């Protein structure tokens with residue numbers, strides 16, 4: 001389903017970053033160079049390597065058109081190159097001359113962002129090469145940055161562990177502690193969850209860090225409710241700091257690279273591990289998906305870049321996901337269940353589940369009676385959390401088996417929504433179910449159990465349109 005088709009071994013030091021355009025692959029290294037390869041045969045271009053930087057090159061990024069390549073370095077500069085000739089277009093000097101750790105283009109190629117070790121983040125006009133706006137974070141280095149698919153937001157990650165969200169004028173909208181030991185990378189899915197209609201924008205964001213975790217977030221923005229960054233889930237699998245993460249172009253897969261020398265590929269729909277790749281012999285520092293083909297590049301401190309190819313029939317395509325999830329859970333070993341418990345924050349129950357030989361099949365058949373009576377779990381809170389987590393697994397299996405996208409199902413009724421509304425917790429619900437919840441229950445979020453900031457329910461017209469389109473397609 002995924003196979004190693006080529007290994008590039010031209011760099012003389014650690015590979016720090018790799019990036020695709022529609023026709024080229026760029027790699028950069030601590031050896032001060034950037035190398036360019038053709039995707040047709042992975043031959044290095046005649047004008048490669050690109051040489052200008054006087055110290056290690058940390059990041060490289062293509063403009064959306066693929067015509068311009070940006071690279072940044074410890075030497076305090078971000079260089080723009082012609083990807084097709086190798087000529088230097090301009091050299092952008094970071095204010096203060098601090099080492100530049102990361103750079104990326106906005107989706108419309110208007111801006112280039114560069115983040116530095118002194119915490120500064122600069123928005124450059126990518127056409128005039130002039131400094132447009134500046135921002136900074138306190139007491140941390142900027143180590144990650146990503147533009148939202150519409151270009152309206154820039155998210156940066158710091159060595160202190162904060163995700164910071166900026167608007168297109170570099171005004172700080174939000175800052176949140178995301179990873180206790182520091183962030184290493186962040187990446188937006190290019191496919192919006194919904195958006196464009198009535199001012200609603202919903203995007204998926206991934207972040208990873210020194211805490212060995214990958215976290216998934218939903219970034220939402222409406223003119224009425226403003227901006228929100230909502231934590232959704234944590235992907236487990238790595239046993240050491242995670243240094244890189246990247247979404248596939250269709251948003252259905254996420255790849256990550258780690259200090260544990262492995263690359264893990266996740267199915268975003270089921271949040272299950274699809275593949276674990278262990279060919280690198282040292283830390284995996286970077287990973288990137290190609291925009292138009294099923295290719296993945298991974299780079300490492302072993303000085304190599306591996307190119308992987310996926311079969312056309314990937315597990316993320318419709319018709320196979322439900323079967324995969326069903327087999328994935330029912331075939332879980334006792335150790336898989338232990339990993340799942342830890343991912344749910346239930347590590348205190350690992351020994352109890354092992355003692356009772358709970359594997360995937362047994363997990364799906366647990367009840368409140370068996371948890372209390374047979375397994376002697378006395379805490380009502382723990383029993384409730386276990387049952388809720390198991391219900392989520394069952395529900396995901398059922399919704400996928402029925403073919404209904406999970407985001408179309410009301411979290412309260414677990415039925416297809418007809419009149420979806422956005423509550424102040426950022427989640428969407430069926431209007432009637434949410435109104436009943438508010439009137440009969442405590443005024444807390446059904447998803448987080450936290451107090452609702454407001455009881456206002458905003459029609460989610462974009463989601464309603466998506467549901468109607470899905471119904472029209474699937475009821476023919």
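Each Cβ is built from the backbone N, Cα and C atoms, and glycine gets one as well.
Quick look at what Swiss-Prot lists:
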type	residues	note
REPEAT	10-47	repeat 'WD 1'
REPEAT	52-91	repeat 'WD 2'
REPEAT	95-134	repeat 'WD 3'
REPEAT	137-176	repeat 'WD 4'
REPEAT	178-228	repeat 'WD 5'
REPEAT	237-276	repeat 'WD 6'
REPEAT	279-318	repeat 'WD 7'
DOMAIN	332-396	domain 'SAM'
DOMAIN	403-476	domain 'U-box'
MOD_RES	458	phosphothreonine
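Within the chain carrying the repeat 'WD 2' (52-91), a Cβ under 8 angstroms from the stretch's Cβ atoms is held by residues 13, 16-24, 26-34, 36, 45, 97-105, 107-109, 112, 114, 116, 124, 126, 129, all 6 or more beyond its ends.
Cβ neighbour count for residue 458 (phosphothreonine): 17 (other Cβ atoms within 10 Å of its Cβ, all protein chains included).
Counting residues 6+ beyond its ends, the repeat 'WD 7' (279-318) has Cβ neighbours under 8 Å at 1-9, 11-22, 25, 27, 29, 39, 42, 243-250, 252-253, 255-259, 261-263, 265, 267-269, 324, 403 in the same chain. The secondary structure of residue 458 (phosphothreonine), as reduced to three states from DSSP, is extended strand. Per-residue confidence over the repeat 'WD 6' (237-276) averages 93 (mean pLDDT, predicted model).
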